[in-house]
Structure formats: C-alpha cells, structure tokens
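These come from TrEMBL:
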type	residues	note
COMPBIAS	B:683-692	compositional bias 'Basic and acidic residues'
REGION	B:668-692	region 'Disordered'
TRANSMEM	B:62-95	transmembrane segment
TRANSMEM	B:116-137	transmembrane segment
TRANSMEM	B:157-174	transmembrane segment
TRANSMEM	B:186-204	transmembrane segment
TRANSMEM	B:269-291	transmembrane segment
TRANSMEM	B:319-346	transmembrane segment
TRANSMEM	B:377-399	transmembrane segment
TRANSMEM	B:405-428	transmembrane segment
TRANSMEM	B:458-477	transmembrane segment
TRANSMEM	B:483-505	transmembrane segment
Protein chains: 2
Amino acid sequence: MSPLVTSENRDGTPESPIVKRILLGDPLASENADEHLLPKRMALPIFASDALSSVAYAPQEMLMILLAGGLAFLAFAPWVAAAVVLLLVVVVLSYRQLIRAYPSGGGDYEVARTNLGEVPGVIVASALLVDYILTVAVSTASGVDNIISAVPALNPWRVELAVGCVALIVVVNLRGVREASRAFAIPTYVFVGSVGVMVVTGLLRTAVGAAPVAASAHYVVHAQSISQAAVILLLLRAFSSGCSALTGVEAVANGVQAFRRPKIRNARATLVMLGGIATLMFAGLVALALISRVQYAQDPCDLQGFDCHTPQPSLMAQLAAATFGAASIPFFIVQAATACVLLLAANTAFNGFPLLGAVLARDGYAPKALNTRGDRLVYSNGMIVLGVAAIVVLLVYEANLSNLIQLYIIGVFVSFSLGQIGMIRHWIRGLRRIRSLPDDARAQQSAQRQRQSFKRGLAINSLGATITSAVLVIVTITKFTHGAWLVFLAIPILSTLMMGVYRYYRDVDHETRMDDTVHFGSAGDVALILVNRLQKPVVKALDYALAARHEKTLALHVAVTKDESAALRKAWQQHRMPVPLITIESPFRSYAGPVIEFIKKYREEHGSSVVTVYLPQYIVGHWWERILHNRRARRMAQQLMLVHGVTITLVPWLLDSSELIYGRRSRPVPGQARAGFPTSPEPHYDHEPRRR
Amino acid sequence: MSPLVTSENRDGTPESPIVKRILLGDPLASENADEHLLPKRMALPIFASDALSSVAYAPQEMLMILLAGGLAFLAFAPWVAAAVVLLLVVVVLSYRQLIRAYPSGGGDYEVARTNLGEVPGVIVASALLVDYILTVAVSTASGVDNIISAVPALNPWRVELAVGCVALIVVVNLRGVREASRAFAIPTYVFVGSVGVMVVTGLLRTAVGAAPVAASAHYVVHAQSISQAAVILLLLRAFSSGCSALTGVEAVANGVQAFRRPKIRNARATLVMLGGIATLMFAGLVALALISRVQYAQDPCDLQGFDCHTPQPSLMAQLAAATFGAASIPFFIVQAATACVLLLAANTAFNGFPLLGAVLARDGYAPKALNTRGDRLVYSNGMIVLGVAAIVVLLVYEANLSNLIQLYIIGVFVSFSLGQIGMIRHWIRGLRRIRSLPDDARAQQSAQRQRQSFKRGLAINSLGATITSAVLVIVTITKFTHGAWLVFLAIPILSTLMMGVYRYYRDVDHETRMDDTVHFGSAGDVALILVNRLQKPVVKALDYALAARHEKTLALHVAVTKDESAALRKAWQQHRMPVPLITIESPFRSYAGPVIEFIKKYREEHGSSVVTVYLPQYIVGHWWERILHNRRARRMAQQLMLVHGVTITLVPWLLDSSELIYGRRSRPVPGQARAGFPTSPEPHYDHEPRRR
C-alpha cells in the first residue's frame, strides 16, 4: 500500500523556538562566559540569599519548639540563639579555609572525594543534592507563608502558589545567571535593609520605654508538663531548628567559579560579609521576638484566644506588625521583601544544584546530560530536574513549613562534617609534604610560612569538624523520628545510583576505548535498497546508493501480498531500473525478519562484512502527518541495527508540507529538475553538480 | 565529553514480546487466513450478538418513554412494537439484496460510494464509525446494568466495570477472530435459549391463569398531563427508542468476507435467521412486560413506592424475577446470559469497525495504519482506536444507558437510508445496462431473468429506502434535543477529516509518483564521519565509510571546548587514522549548525551533490541506559536530514548490555577480534571475511 517510508517531524513544533526565545532570551556564545562572572555586589545576593533568608524562618522554628515546653522556656532562647551564632562563626571560618584550598567549585564534594575517597564524596554529593531540593521547598513554603501572613485571603491556594513560584524561578533561571542575579540583587538588599530598620526601630522603642507588643503576646499556650530529660531534648530540638539559619553558607564554597577575578579573595570576602549580616539579623530578630513576646505554635489551635481556622501569621509578620503597626506601609515592605528574598533564596539552589550536577557528570557520577550547557550558558537539565523534584516535595508535604523543616539541615550537616573532616586530611597531607621537602634555605623559609598557614587551617577545620559532627549527631537524634528518616533513606539510594552510573560509564568507556583490536579493512560491502512501491523517494535512495559506489547494490522487496509484488516488478521493468530487484516472501507479514534472513544467507554465500540498508524516510511539516505515515521503516531500522555489520542509511524525502514551513520548495521545476532529489531555489543549497 | 553517539533501545522492553504472546497467542501466517473464515453457526453469534442483544434494552427504553406519559399509554405498546417489527422485516429484506450486490464487505459505505459518489460514501462511513463506538458503549452500559440488577452491591463501580469490560473485549479480540467467535458462541445461544424459555414460561403461566406480576407493578407513576400533539411526539419517541432493536443488522452486510464459502449464501441465510430470532424475542419480551405490568422510569425517583437510592432493576431482570422468582437459579441464568451477550455484542463492533477502517484505509480515507494486520491476522490498530473511543464515551456519560441511547441509532439510520438509496441507483443502473445489451436470443433470456431479479431488488430497496428515510426523520426530530445533536456534529467532522486524509494521500502520491523528472546520476559524493572523541564506535563508522569507497571521506569534529579538540587531534595523530580530521568551531555549542555550514561551504567549493553523514549510535539493553547517553546524535540527524542531498548513515554499536539480553557477546576475544566491529560466537552472524 504505502511506500516503505516513515515520517519524521522537525525537533518540535515550528513555534517552539520562538516561544523559547521570548521566555529565555537569545543564545549566548561560549566566549562570553567570562563576562557573565559575578562581581561581589552581585554574588552576595545570589549566593547569600539562601543563608540570609533562612533567618526569616530559623528564629520562628526555634521559638516554636521552645514555646511547646511553655512560656518559661523562652528564658533559654538567648542561650540557644548564642549557640547557633557561635556555630555560624565556626562554619564561616571553616569555609574560608575550604575556599582557599579548593576553589574549583566542587565544595564539600570535591574536598571529601579528594581527601576521603570516592564513597564519602558521593555521600556528600547526595546529601547536597537532597538539601538543594529541600532548600527550594522550604524557602518557597516559607515565602508563601509570609505572603499569606500579609494577605490571608490567599490561604486556600497555598500549595498552588508554592508550585507556581518554583515554576517561575525555573524559567527565570533558564534565562541565564546574570539576568537572574540582576533581578535578585534588589530584594535581597531591601530585605536586609528593612529587617535592619525593623530591628533598630524595635530596640529604640524598647529603649524609650515603648517596647513593641506582638498581637499574639496575650494568647495562653497549653504547655505540656515535661520531665528533666525532656527539657534537654527540647533545648536540643530548638537548637536543631535554629541551625536552619546556617543553611546556604556552603553555597559560596560551591560557586567560587562564578565569581569575578580574583575569585578566591572575592568569594572569601563575600562569605565573611554573609556571616556577619546573618549573625546580626538572627540575633536581632530573636531579641525582638523576645521583647515583643511573640507566641508561635506548631498547631495554632494550641493558642488559646486565637481563631485557629485562620492562618497563623509568621514570626516576621508578627514582628513587623508589632513594630510598625499592622497594615502599615513598612509592614507590607517587610513582608514583601521577606517573601521575595525567600522565594529568591530558592534561586541559590538553582545556581548550586546544576553546578554540582555538572561536576558530578564531569566525574562520571551523573548522566552526561547534566553537563550540557543550554543555549544561554546555563546547565538547563539540572535546573529542570531540581524544579521538578522541589515541586514534588511541595505537593507531598502540602507546602507545610514546619513539616518540611524536619527533613532539612540533615544533608547540610552531613556535607559540613565530611567536608571539614576532609579538610583536616588535606592540611595533614600538606604538612607532611612540606616536611618531606629538600633542605634548602629559601624553600625552608617559604615552607615555614606555608606550615604556619596549614597549621592554622588544620586548627580551624578541626574545630569545625568537631562542632559540625556534634551538631549532626544532635540534629539526627532530635529530627530522625520527625521525618528526617526519609533523608537518611534518600542519601544512600542516591549514592548507590551515582556509584552505579560511574560503573556504567566506566564499563562503556572500557568497551569503546581504542586498543590493539582496532583495525581497518572491512570489505565486501553491499547496499540493499528496501522497496515497497516504486516511487520517487525510492529512486532517490537508489541514486544515492549508486553514487556511493558500493561493491554491489541490490533492491530488496518484502512481498506481503501478491498483487503488490506483481505491480512492483512490472513497474521496475517498465522504468528500466538500473539495479536488480530481489523479492523475498514474508508469510507472517513481518518486514524485518525476512530482510535479516536474506542478509544472513547473502553473507553465507558472498562473505560480505558491511551491509548498508537504505531506507527512504519522509520528512513532514506537521505533527499530525506522522499519524498518516507508517512507522514501519523506523521499526525496521531498530531491528536491523541489532544485526552485526549492518548500518542504516536514512534517505530523507522532504514532503511539500515540510518545505512550505521551512521556506523551501521541492516540487521539481520542469526543465530544471534533476535526479530524484528536489531542487531548491535558494543559492546556498543548490550546489548539485550540473554534469549528467 | 561523551562520544557523539546516542542510544537506541529495542522496540520496547525485552519482556513485552513474551507478555504479548501470552495475551494474544502466537503469530499466524497470511496463508492461514482462509482457515479463520466463519461457518454459519459461528458467524451467527458473532455478527448477530449486537442485533439480538439489543432486544435486551430496546423494549425497556420503549416502555420507559410510554410510561412517562402515564399507565394509559401502555395500550399503545403493541402497536409501537408492531411498527418496530415491521421495520425490522423491511430492513432484513433490504440487506439481503445488498449482500448479493456488494459482497466485498464495505456494506452501506461501499454501496453509497459506488452509486452516490464520494461524499455520501464518506458520510455513511462516518455514521457507521460513530455507531460502532456507540454500540460498544451502549451494549457495555446495558450489560453492566443487568449485572447490577442481579448483584446490586456492584452499583458504586458501574463506570469502572464498564471500562474494564471494554478493555477485556479489546484484549480478547486482539487474539484474533476465531478464538473470539468460539468464546462468544456459547453465551449468545444461552441468551437466545433462556429468553425463549422465559417468554414461553411466562405465556404458559398466563394461559393457566397464574400470570407473572412484576415487583414494580404496584408502583404509582407520576404521569405528566400532556397535550394531543405531545401524545404523537411521545409515541414517535417510543418508536425511536424501540428502533434500537434494529441496530446491528448491518453488521452482517459489512462482514460478508469473514464468512465461510459460499460467502453470499451463508451471509444471507445468517441475516434471515437473525431477523427471525430478533423479531420473536422483541415481540415476546414486550408481551411479557405488558402482562407482568413492569414499570420502568427514566428517573427512578418518579416511581412512588420505590427506594430511588438503590439501582432500578432492568426490564429483563424484572421479567426474569416475575417469571421465575427473584434470586432463583433461572433468574441468575437469564441475567448472566443477558449480561454476557450484551458485553459480547460490543464484540460485533470489534469485528465491524476494524474491517470498515481497513476498507477506508485501502481507499485512502483513513490512516494506512488501520489497514495493517497484526501478528494474529486482525486489524489491531482499528480495535485499539475503537476500544479507546468507547471508553471515553463511557466515562463522559458515566455508563448511563438512557442517556447513551439518545445518541444511538442516528448513525445506523443515516447509513441505512443512504445505503438503500444507493441500492436504488444500483438496480436502475443495472436495468439500464441490460436494456443496452445486444439483441441476442440467449442473452435476452438471461437478461430477462436478470431484469426480473433487478426489478425485485429495486422494489424491495425502494420500500426500504422510503421507510428508513422516514424513520431517520422521526428519530432525528425526537432525539435531536436529547443529545443526538452531538452525533450530527461528529459525522460532518469525521467526514471532513476523511476527505482531508484522502486529499493528503493524493498529494503525497502525486509528489512521489514516478515521472519524467526522474533521472539517475548523482555524483561527487562525500562521506563525513562525525567525531567527538576517538573511540571504537567512531572507528567502526570510519571503517564502514571506507568500505563503501565514497569519492571522498572526511572526519569532522565540532569543537566546543579547546581541551577536547586538542585531545582528539592528538589521539588522531597517535593512532594514525587514515582519514583527514577537520575541526570546525562552534561558538554557540550547537552541533548541527556548524556541520550544515560546513556542508554548504564544501559544496560551494567542490560541487558535491550527495553528502553521507556517518553517525555512530549506541544500542543499549535497558531503557534506563538511554538516560545516560546524550540524544545529541538523534537531534543532529533530524536537523541534517532537512538539508538537501544529505543522507544519514547510522552505524550501530551494540553495547555489552544489549548483547547480554539478546544472547550475544561483543567483547572482542583477544587474537580473534577484528576491525572495530565486535565478533559474535554464533555461526550465522559471523560471516565477516577473514582476509586482512
């Protein structure tokens, strides 16, 4: 019935590239990659938005846990907060060392892999990937929380809002890193500024005796009476939740390569700025919350006096309302900036995740597609994977911040700890190397300086490793049964997958590597042109096969019905085709089977090693045309390619429909037309030789 | 990073063929097609199950409409039923003529197309296709209704049951026509037998004065008071619904080719048997319903005394319960047989729809895929299309019989009428032909006999055309506003689509037809081997390109990063590759763009007409491996095929994973291994020549 051809559309609908351009901007050349490096003032908001924005929820979650024990527990709040700040300082100092030693952008992953081996490296990578996903989910959930605190009418669309925000961030990020940074710098600075003003205003009001009072100050909390052991556990849990303020600090270390030169100095300076600002904001917000006596409960129905069918305002909203007055303009500025910076914090992950993915792909632990830069110099595939994963998490947890935060931080502290332990190993190795240096005066002096620096690094990272490991233990104990077990499941699974991917690539590489068995000299090649009906696409395929001057060229017909075969043989003689037509019977209406049989028999008789099967293939202009063409050729190609020594040559036949769309015409112009292939009116495709 | 290769899995998962075998049985050879022809005793249940089963719902729907006017209207029931029976007789006689004149299986479609032209033919085809879909939906809905009447606990799963049944029927039918007929013969005969016994028992009980009384006999119906005009409309509506008993009669005419020889006589005999049985059953059931005073309302809440939250038992269930006693064994036999035959009636459509689809595809009005017989000699694609469409209809109408029946019959009567009108034309033409015959004594005698026969045909079909056209008008008037407008929308849309498909195939055929512009003699061919990294698959492609002895063979490298290019050039020299390596820069990381540019420039300089691009392609063993390989080669091929004069040669490289699955080994055996392509231990693939 139909010719032995199948259809092939262009890479998508013709509109899609235009839509892509509008959404994502014009493609960028590789040489411009340097121009896209970030100056400090841009890098700070990009890499710091995660760490800074986490102060929007860390105090809230910390105080929430303390309040679960009763009002009296708030007395511990300053101490818990101090512990968190201390930890933050230690981590910042540790990461300054790490940036200096490993500026290539792999961060904890690279440190762990280089110093501790493959498995710890992969574990760190898995932990970080999980945490990037959770960063997006937690930041978005908290951002939506703050939007709803300002506009409670949006409460029914909490999940939809969160998912929509993630989708928006993905699109913005696919546009490329610099546009993203520009858009993201302003809200981060507005957030830091407005929270600063709020804290200062609140403290000043307290100093003049008009301390702000939160709307929730007079609610009565149902306190559980708890034992002494539970007191300690409660404090530790509060500390664990407060530690969420630390998330995002590692982002700078993972993104050193995105900084403008001098990369290392700029990255370290940015890290210190980030640490300072985060410390001030965290301490200020906790102080303000204690002064204004904010009450925040995991289950808002525990707050006597609060209508728990309405959304509970976030800590940030309560503070802003208490300081500036509810529904005042500064209140809305603080809420808008908080929501923005939280949503944009998700953006940090969209810088870090694809970079880490690309590093993993480069090292062979992740699919190579993650190391493919898109048109706009960003690792598009990684961003899409991250966006989808975050949306799934948000849907599963219904964008509930307090539940999501239970999964959070584990990954961060896994990578913190392994990274710091790796750094200890790094400095010890460095010191050993210096010791083994030759006994030269000048070298000794320089080695002396280096040894000092290494020893300092060793001391700082040892402290960091000890403290972060201790915190990891605390976090694990206090959060495991609250949902964190899921993370402990995800990290080994991801690690195992990565090891599997690595082994797979290694095997494929081994299989395809050049070795002594590689020789040339295949011979006895034969070309088979598959023919179903004598039509122009078949003639074109035949013409091309003849042009390639194979040793032997045969036309092959699989006969399913007798009428068709007879008609073909008649037409073949009539048009005096220059190649013999071989007809093979197919009792089971299979097309590939008899062809494979024929190739097998032909080889037995002629000892041919290379068989080239020519398949005409229609190129169509519209997706729906594919429905109207058989997929027979495609299926045939897939089956024939499983036979050793067979190659498939696809000879495209552009239908008029495809030509119209791509602005060309194939209908042969009388007198000008030539040999099977359509002529084209444009000069640059029309270079077929004129000799006949 | 990765070699310029992409992945290709086998046609599906490796398990799928086995699963397919178990579900669908072994493949059948075309020669066996004759053995699969149906003897009458098998053809009757297959082609008649639709027409026979429709007596299970036609009386119910007819009486329901009458009862909507009040109990008094039941007095009209015998007259309405008589009209339906009369119509049935006329239609059966008309189709006997049609089978004789057009035995090829196109039925009304073929008659209308041959005698009335393309557009009426396409309209009939559309009407029939719509009706086949509705047959499946209505029969399944009614079948499920009867199952629920016997087992009311299943009521909540009405839609799920209906959809599940259609899916089951699709699978059974994909196994092939004979297995289907065997499975379907028994319930049809049981149904006919059990309904016969029920009617006779009921009539006997009435004769001895113990007439059966339906459970619903004492319910009070809320009758609407209606005007005289409305009385006539109500009677016409009842007649329209009763006409659903006629559906399925045309199935025999469409399926003549599936009968065992002598096809025409067997088909005609089957049709008459079918008509007789259907008439007896329809009349018997209406009589029994009237005797036992069954009440059936469209909205069961209109029945005072009936708990309308429980499912209303079907008419058949009420009759069986009244005759044999509720929950008696004969009651369950009748219900089971009714449900079975209704579900199996859907099967009629699974014989007719694919056959009609194949005829349409043969004539160029439907995608050619519908004319592709599956492994088991059935038109699999048509069956799948029908199954999916019926499931969609069932889901949209929530398997509600009374709503579905409103859409029904329109299509049947459209094709009845156009078919009969076509037959009138056919006989008139025949008579004209006889008149124009030469004046020969013997021929005259035979012509005389023929003229007699043609005149008889003309008379019968004229009667048929008049009556069916009248009924079409009635059905349209009474059903249009009750949902049938949807069918009047669907038929023109389908017809337009078919005409579009026809025009498309005609244009493609015109484009590809052999004509004077066809010449041979392309020359100046060049082979380009795309290289990303020097690996064995590339060497294999190169070796094959050399074996094909193109005029010129070049290796082409698209340079995206400098390191990769340098490494490749070094390896190229080191391994002393026999072909020059050309490096082209790609500033935008595009792969296809620079290659197209190169081809363009090369042609400008060398005037080459045929460019063969060699692309190595990985063949993988598991679906997940595809994630780990770039799709770059595939995208590249799609873009290059849009360039005139370019052909793509895919050189497969079977990875070990694919080999393990297909039972071969590719890992080169030391000492035995050769030139890039893996050796295979089996004799029948190992025919590469041993000369080096």
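Glycine too: its Cβ is placed from the backbone N, Cα and C atoms.
By the count of Cβ pairs under 8 Å, the stretch nearest in packing to the transmembrane segment (B:405-428) among B:269-291, B:458-477, B:483-505 is B:458-477.
Taking Cβ pairs closer than 8 Å, the transmembrane segment (B:377-399) reaches residues 28, 30, 32-33, 36, 132-134, 136-137, 140-141, 144, 158-159, 161-163, 166-167, 169-170, 173-177, 346, 349-350, 353-355, 357-358, 369-371 in its own chain, all 6 or more past its ends. Sequence-distant neighbours of the transmembrane segment (B:483-505) (same chain, 6+ residues past either end, Cβ-Cβ under 8 Å): 118-119, 122-123, 125-127, 129-130, 134, 360, 363-368, 403, 406-407, 410-411, 414, 475-476. Ranked by Cβ pairs under 8 Å to the transmembrane segment (B:269-291), the stretches B:62-95, B:157-174, B:186-204 are led by B:62-95. A Cβ distance under 8 Å defines the sequence-distant neighbours of the transmembrane segment (B:186-204), meaning residues of its chain 6+ beyond its ends; these are 44-45, 48-49, 52-53, 55, 211-212, 277, 280-281, 284-285, 287-288, 291-292, 319-320, 322-324, 330, 333-334, 337-338, 340-341, 344.
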